[in-house]
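Notes follow once the structure below has been shown.
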């Protein structure tokens, strides 16, 4: 839905403090499992386990009463279904994600009503859940069948199996004849799956046995001990780390390892169990930190983020391959790659060996290749980690090529995110727009993919973080829009907006500046950086298009002397605006650092103007420079350092003055100058060839007769790739540069802007190419999904005037009524807290006298309709 948050800074910080109090990432006793979304389906299966099977039926009670309580308290009060989390989405199997959500809700609701039916409690919950199933099954299975007439594998297995169990327990559903035919088709599909697949298959990440809880017993009953017990995980006693499958395994075998696993699970997760256990606890915490940073909230949680990263780094080590079950390996690889990326981004010394161990194990690679859908998030995490590649890291290069190939094979799941990752390199993405994408992505809180659905961070945390991020984003938008208006007034004041030639890029420059910088820097210095970029654009166009050589020479000399009194027309306008920018920058530095840098700034600008004049002179004389000569001048004329150094001087701590002198720049600055120049050349060689100008691509082709233009482009791209890796290493590794970290961040932001401008095309020179991004960054309200309507059912769902009586659920009731409480003395209900309530009493309208007439009727008598012939409904056990 569209959101519009009119937050003030105080409102945001109050919300931040509220969330910090709940999340407590820096708490040393933090339980990571509190961040994981519970699974209604798996919790329902644990609730069905009997504590002791060697007792009479009327003495049976659940082993895990808390799981039954969770079901009673977590039904959607309005619609009657159960689900896992707010923005719940399932593994798409090549299908529409929202459709898969409906399928998962349907199977979860079926499991929950089966659990209530088994324990003969929660009549109102059971009634609402049954009604949801009857109302929605036809729509769900009819809408989401694929073109081949089949359903996702997991759904065909789970839906049919849980439906069989429901029938065995006496639950009957009223479906249309069309719906029944579709369900029959699903049973046929399941039969084909069973005939085609083995119970346990080394190549299948989730083999049939992972769905033990819903499999026909004939598949394993003759050799139950060998099939089930031997498949239990030697490390934890689970069946494929699936609580539901392990619950079924325990009910069938009463195996002590299963019991220990289940008891440990419930102790660790008392408020609903996740669909996978155990989980990598570092992965949970890193995923929470990743969500915070990726949605633009890192500025509020700096202490908490550093605490988590320091914890992870203290356990960091280079790993050689260690054999373990594939589900553990997948989590380990996901955690290791995410830790590598986050630790490297935060300046820690980490080696690619920490996660590239998988490259040397063919079995692991085979699993990844054969189960791309199941491991897609792991593959994506590895690919993202390779964004931060330093020179000589050949393992990272191999991992990048390998994972990119896998991602290109399977783009249907999280397609938008994958396409974004593959088409737009991380180095060419701007912070502010990336934050928006993560905020709007309903799958941003996903941890992993399991049997049927995404395992997610708990919605009670991720939803609040998402809405805080949305409010923060629109708060920033409002600030940026006001600043852009002020910047536009400045451009008009100095006559730059109607100068009559060149590119008018006020909005482009401001957009690129503030969306690339951290918000703290953007709001302090973004407008000044944009002024610098605007003037560079106009001056560059003046040298390229408008000015005579005498005009250009006169302006350059005026800048070198810093005396513009004799300038006229365009030269005068440019110099006066330049003088204003330099004075503002110098005054700001003097205020913050009590130091004068005006001479350094003038020298940097003088060097830039000289490089433009030199290019104009080469063009006028038809001079063909050497490659070295061209690069030495071109890396100055692109003027990336002019922007970066001007703003770096304002950072805290102050930029080293000796690094401001032309010819004595830091290695980071030098690399920043080279990369944008070559990026620009890749997109401008055709235009410059037509104008008779030189370019690194054209020079390389000229110096190597016989080469095609594609060969020269590939050569320049290779140089850029090498310089980019070197640049990243100098920015991210402490000790390779004397520059303070904030100054490195300014250089990184500046580089990312040029990478964005020249990613596959020249976006900066286009009048329309960036308009969509500008709208999203500065104007359009953010799109966020509604918070969940799932709320605990109140103890008395219909107020003090009514009570709800449990029904005899092994036969269909004629009528369900509410009767005045005083007619039953001290009788209590068990509606919300699912304690076993075993007094089964039906209240019929004919049994009531005039004094106790029913107050409300909720369901009337319906004739039970057999769903299908018994051949389609074999017993579960």
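Even glycines carry a Cβ here, placed using N, Cα and C.
Record features (Swiss-Prot):
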- 540, 544, 677, 680: substrate binding site (BINDING)
- 540, 544: Mg(2+) 2 binding site (BINDING)
- 540, 544: Mg(2+) 1 binding site (BINDING)
- 540-544: motif 'DDXXD motif' (MOTIF)
- 680, 684, 688: Mg(2+) 3 binding site (BINDING)
Nearest-integer angstrom distance between the alpha carbons (Cα) of residue 540 (substrate binding site) and residue 688 (Mg(2+) 3 binding site): 14
Tally of residues which DSSP labels helix, strand or coil - the motif 'DDXXD motif' (540-544): 5 helix, 0 strand, 0 coil
Rounded distance in angstrom between the Cα atoms of residue 684 (Mg(2+) 3 binding site) and residue 677 (substrate binding site): 10
Between residue 544 (substrate binding site) and residue 688 (Mg(2+) 3 binding site), the C-alpha gap once rounded to whole angstrom: 11
Additional residues surrounding Mg(2+) 3, by Cβ distance to the 680, 684, 688 centre under 8 Å: 681, 682, 683, 685, 687, 693, 695, 762
Chain-mates of 540, 544, 677, 680 with C-beta within 8 Å of site centroid, substrate: 634, 637, 638, 639, 684
List of residues, in chain order, with Cβ under 8 A from that of residue 680 (substrate binding site) and at least 6 apart: 638, 754, 758, 762
Mean predicted confidence [pLDDT] for the motif 'DDXXD motif' (540-544): 93
Between residue 688 (Mg(2+) 3 binding site) and residue 677 (substrate binding site): CA-CA distance (Å): 14
Neighbour tally for residue 684 (Mg(2+) 3 binding site), based on other Cβ positions within 10 Å of its Cβ: 17
